[in-house]
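A quick write-up on the structure given underneath.
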C-alpha cells in the first residue's frame, strides 16, 4: 500500500493483533523475513572462503582478503540504506527495493558457481558482481528492518516492543545457526558436476532470500508505514563539517574562544542539535579502538575455517565439514546470553565488584585475544605434519625399494642414505638435497646383491622426489618420480598408483574415479578424494576384473599405492603414507570458539546497550551507523594484513593477539577517564548553560555563509 496513506496502515495494523495480544500481526511477517534473510546471508558466507580457495584456486591470503573486503562492504552499505530510508523512500520501500537487488545478487552468485558455464574469468566476474549486489542488499536493509518492526507498535506498548527486539535477535541467531550447519553439508556432501556443489550451496540461500521477500510483501496490507522524516546522520555530518569549516575561517586571536569546538556551528544549527551531537561524539570517540575486536571476530569465516581444513574432522558418528565449525558461534551465543544475564553478572554483583560496561567490553577483548592465542598454538601443532618449506637450491628426496632385496643408494657428492633400504620399507622422512643451482644433473648409484648400477637424473630446486627401485625383466632398474610438495587442500586425501604388474591396468576407486596405469612400475597422476574407506574398488586387467581394497585414505594425507601382484582372486597392494594425515582434531577449535563467543556477548551486546544509554533518542541511528562502521573498518584491517604483510599463519594469529591486547589497554584508559551521563540530564544542563556565543560573533569571518 502507498506510503502516502499512513493513517490507513495504522488502522489496519491496529485492527489485527497476534493471538489476542498487543503484538501487531505484522511483526510475524517481519520476524520470518529476518530469519530467512539471515539464513540467506550467513549460509552463503559460510562457504565463501572455501569457494575462493577450491573453485577459483586462489591462495589463502587472496581468499581471506576478498572475504573480508566483502564483509567490510556489507557494513559500509548500511549508511546508504539509512539515508535512502530516512531521506527518500521510507523504510518499507527501501526494504522492498534493496531486497530485490539482494535476490538478483544471490541468483548471479549461484549461476557463477556452475562450473560448465564459461571459463574462470566468467565465474570471477559473475561472483564479484553477485557479491557486490548482496553487500548492497544486506547492508542496505540492515538498519531498516529492525526499526520498521519497532514502528509497528503503538507508543503505549513499550514492553511488547522490547520483547519484539529479543525475538528479532533470536530469529537472527536461529537463521545463522541453521544455515552455517546446513550449507556446508550442501557444499561438501552433495556432488554436482563431479565436484563440491557450490551452485547448490549458494542456490539454497538464494531461494531463502526469495522467500524472505515474498513473506515481507505478503504482509504489506498490515504494516504501519511512516513517511521519511529526514536523515539524522546527514544532519550530524553537516553540523560537524560546518563547525570545522567555521572554526578554520575564524582563526584570529582577536576572536574569543568557545567552550567546545562544536559550538562553532551555532551560527547555523540549533543549540539542541549541537548539544546532542556533543553527546554522540563523546561515544563515537570511544568507538575508535573497537574495530580491532571485529578484525579478530570475523576471521571465524576465513582464517579459522582455513585452519579447520587442516584438521581431523572425524567425530565418530559424524564427519564435520571444515566450514561447519562456524555454527558454534551462534549456538554458543544463544547459550551464553541467559547464562551471563541470569547467572554470571548477578554473581559478580553479589561479590560487590563494579563490573561496568567499559570493563565488560575490555574483558570481551581479552577473551577474543586469548582465543587467537589458542589458535596460534593449534596452528603450530598442525604445522608439524606439513611438508618442509623449501628455499632456492633445495629439494627433498626419498627411496622406495620395491625390489626383492635390500638396496644401498648413494648420490653423487651427497651424504645421504647411510643404511641400505630394506624391501618395501616404510619410508622415513624426506631427506634434504642441496643443489648447486636451479637444477642439477646427479648420478645415482645402486648396490644390489653385489651388482652396482648407475643412473643419471636431473633434479630441480623446490621439488619433492621419490626414487623407485624395482626389478624389471630380471634386472634392477629405477625411476625418479615427482611427489606432492604440500598437503592436499581442504582436508582431501591424495593417492597415486604404481603398477608393478607386467600388464596395463584400469582402476575404479569409486563411482567417479577411473585411473589407467601402464605396466612395469609406471606411476599414475595424483587423484584427490574425500576422506573415506575405499574397499569397493576394482582393478581391470587383460586377464579379468579383481576387487581392490585401499583402506582408509585420511584427511590431508598423501599416499603411494603399489600394485604388487594378483593372487587368490584379489589385487595385492602396498600402501605408503607420503605426507602424514592431519593429526590435530577439529575439537581443539572448541575452546577458541568458546572464548570468542563469550567475548562477543560481553563486548557486542554490552557495547550497543552502553552506547545507546549514552545518547539522546534522536541520535540512536547515528550510533548504530558508527557501530556498524567499526565492523567494516575491522574487516578492512584484516584485508590489509592478509595482502600487504603475508606471514606464517601462527605468527599472524600472534600479531592479532598482541594488537588486540594493546588496543584493550588503550580502550581501558579511555574508559577510565570517560564519565557516564544521562542524556536527559545533559540536555537540561545544555539548555540552562549561559554562553557568550552571541557576543563572540563580533569580528567573525562569515564570508556570506548561508544560514
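Every residue gets a Cβ built from N, Cα and C, even glycine.
TrEMBL entries are annotated by machine, without manual review.
Per TrEMBL, transmembrane segment is recorded for 64-83 (among others).
Under the heading transmembrane segment, TrEMBL lists 95-115 (among others). Away from its own ends, the transmembrane segment (95-115) comes close to residues 37, 40, 44, 51, 55, 81, 84, 89, 122-127, 129-138, 140-141, 144-145, 148, 193, 195, 198-199, 201-203, 205-206, 209-210, 212-213, 216-217 of its chain (Cβ-Cβ under 8 Å, at least six residues beyond either end).
Here TrEMBL flags 121-145 (among others) as transmembrane segment. Packing against the transmembrane segment (121-145) from elsewhere in the chain are residues 30, 33-34, 37, 41, 44, 51, 55-56, 70, 73-78, 80-82, 84-85, 91, 94-95, 98-99, 101-113, 115, 621, 624-625, 628: each is 6 or more residues past its ends and has a CB under 8 Å from a CB in it.
Per TrEMBL, transmembrane segment is recorded for 166-186 (among others). Proximity of distant same-chain residues to the transmembrane segment (166-186), defined by a Cβ-Cβ separation under 8 Å and at least 6 residues beyond the stretch ends, is recorded for 30-32, 34-40, 42-44, 46-47, 146, 149, 197, 200-201, 204-205, 208, 321-324, 326-327, 329-331, 333-334.
Sequence-distant contacts of the transmembrane segment (198-223), counting only residues of its own chain at least 6 positions beyond either end whose CB sits under 8 Å from a CB of the stretch, comprise 1, 9, 12-13, 16, 24-26, 28-30, 32-37, 39-41, 43-44, 47, 51, 55, 92, 95-96, 99-100, 102-103, 106-107, 109-111, 113-114, 148, 152, 179, 182-184, 186-187, 190, 192. If you look up TrEMBL, you'll see 198-223 (among others) marked as transmembrane segment.
The transmembrane segment feature in TrEMBL is assigned to 279-297 (among others). Long-range Cβ contacts of the transmembrane segment (279-297) within its own chain (Cβ-Cβ under 8 Å, at least 6 residues beyond either end) map to 236, 240, 262, 364-365, 368-369, 371-372, 596, 599-600, 603, 607, 611, 614-616, 619, 622-623, 626-627, 630-631, 633-635, 637-638, 656, 659-660, 663-664, 666-667, 670-671, 674, 677, 679, 682.
Among the features that TrEMBL reports, transmembrane segment is placed at 327-348 (among others).
Among the features that TrEMBL reports, transmembrane segment is placed at 360-378 (among others).
What TrEMBL lists as transmembrane segment is 590-610 (among others). Long-range contacts of the transmembrane segment (590-610) within the same chain: residues 290, 293, 296-297, 300, 304, 325, 328-329, 332-333, 336-337, 340, 357-358, 360-361, 363-368, 370-372, 374-375, 378, 627, each at least 6 residues beyond the stretch ends and with a Cβ under 8 Å from a Cβ of the stretch.
Annotated transmembrane segment per TrEMBL: 622-641 (among others), in sequence order.
What TrEMBL lists as transmembrane segment is 653-675 (among others).
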>> For the transmembrane segment (327-348), give me same-chain residues lying six or more residues beyond its boundaries with a C-beta closer than 8 angstroms to one of its C-beta atoms, as numbers and ranges.
In response: 42, 170, 173-174, 176-177, 180-181, 300, 355, 590, 593-594, 596-598, 600-602, 605
>> For the transmembrane segment (360-378), give me same-chain residues lying six or more residues beyond its boundaries with a C-beta closer than 8 angstroms to one of its C-beta atoms, as numbers and ranges.
In response: 292-293, 296-297, 303-304, 307, 584, 588-589, 591-593, 595-596, 598-604, 606-607, 610, 650-651, 653-654, 656-657, 660-661, 663-664, 667-668, 671
